[in-house]
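Colleague: The compositional bias 'Acidic residues' annotation in Swiss-Prot covers 61-75, 120-144, 167-188. Annotation source Swiss-Prot lists compositional bias 'Basic and acidic residues' at 106-119. What Swiss-Prot lists as compositional bias 'Polar residues' is 145-165. Look at Swiss-Prot and you will find 189-200 tagged as compositional bias 'Low complexity'. The annotation N-linked glycosylation site is assigned in Swiss-Prot to 148, 153, 162 on the grounds of sequence analysis. Marked as sulfotyrosine by Swiss-Prot: 272, 273. Here Swiss-Prot flags 54-251 as region 'Disordered'. As annotated by Swiss-Prot, signal peptide applies to 1-16.
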């Protein structure tokens, strides 16, 4: 029993792998990328359940082309049916002596020819309508071209009509470009002159202001250079008063920053506090 079960298991696994490989077999049109992403068993399972759809030979092409085949079929079907009914309705009893049957067949043929003639008339009418529409469209196009000023008649009269028109257009374009360049040059010249005048005015104004401010500052420095608030001049007053003044804020703290330059504000010596 155990050996039989083992054999059955082995057969089942082998059959499963074989079926799996058969389902995943590669076709001629498939690539490796599609083989990874596709699930092939769907096609084999549903191939017979859902047969492929067939396109019927319907009236799609005839409707798009507009050749009137439907009208011919609609118009010709009743006539053929009537002739067939008439032909079937004839019997030996109805046919008289002397070739009445032949006359009946001729009547049927005449009816068929009449229906074909009617269909031919319809085709000719449709062709005439199409030709009229094309002529109207051509007339409209010619009118549009004449309105735009480039009619075919004017160009056809001269041997090189198109070339002359193109040359005239190029000349007009060149003239317009030259005019635009001249206008740009004039505008640049005017802007340059205006900017130079403004620069000269601003420089003169700056010089006048500098002269006025320097005179006032010198007067202020001369007044305040020898004083240190309410104390007045001391023994250790500045000996270089003849030099150009540099401002009261600098002269008041020159000795402090010169003597204690290498120390921080928290490392002032006793001399600083004693002199204060």
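Placement of Cβ uses the backbone N, Cα and C atoms for every residue, glycine included.
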Colleague: Would you mind splitting the compositional bias 'Acidic residues' (120-144) into helix, strand and coil residue counts from DSSP?
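Modeller: Taking each residue of the compositional bias 'Acidic residues' (120-144) in turn, the totals are 25 helix, 0 strand, 0 coil.
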Colleague: Please work out the helix, strand and coil residue numbers for the compositional bias 'Low complexity' (189-200) from the DSSP assignment.
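Modeller: Here the numbers are 12 helix, 0 strand, 0 coil.
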Colleague: Is it possible to list how many residues within the compositional bias 'Acidic residues' (167-188) are helical, extended or coil according to DSSP?
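Modeller: DSSP classes over the compositional bias 'Acidic residues' (167-188) add up to 22 helix, 0 strand, 0 coil.
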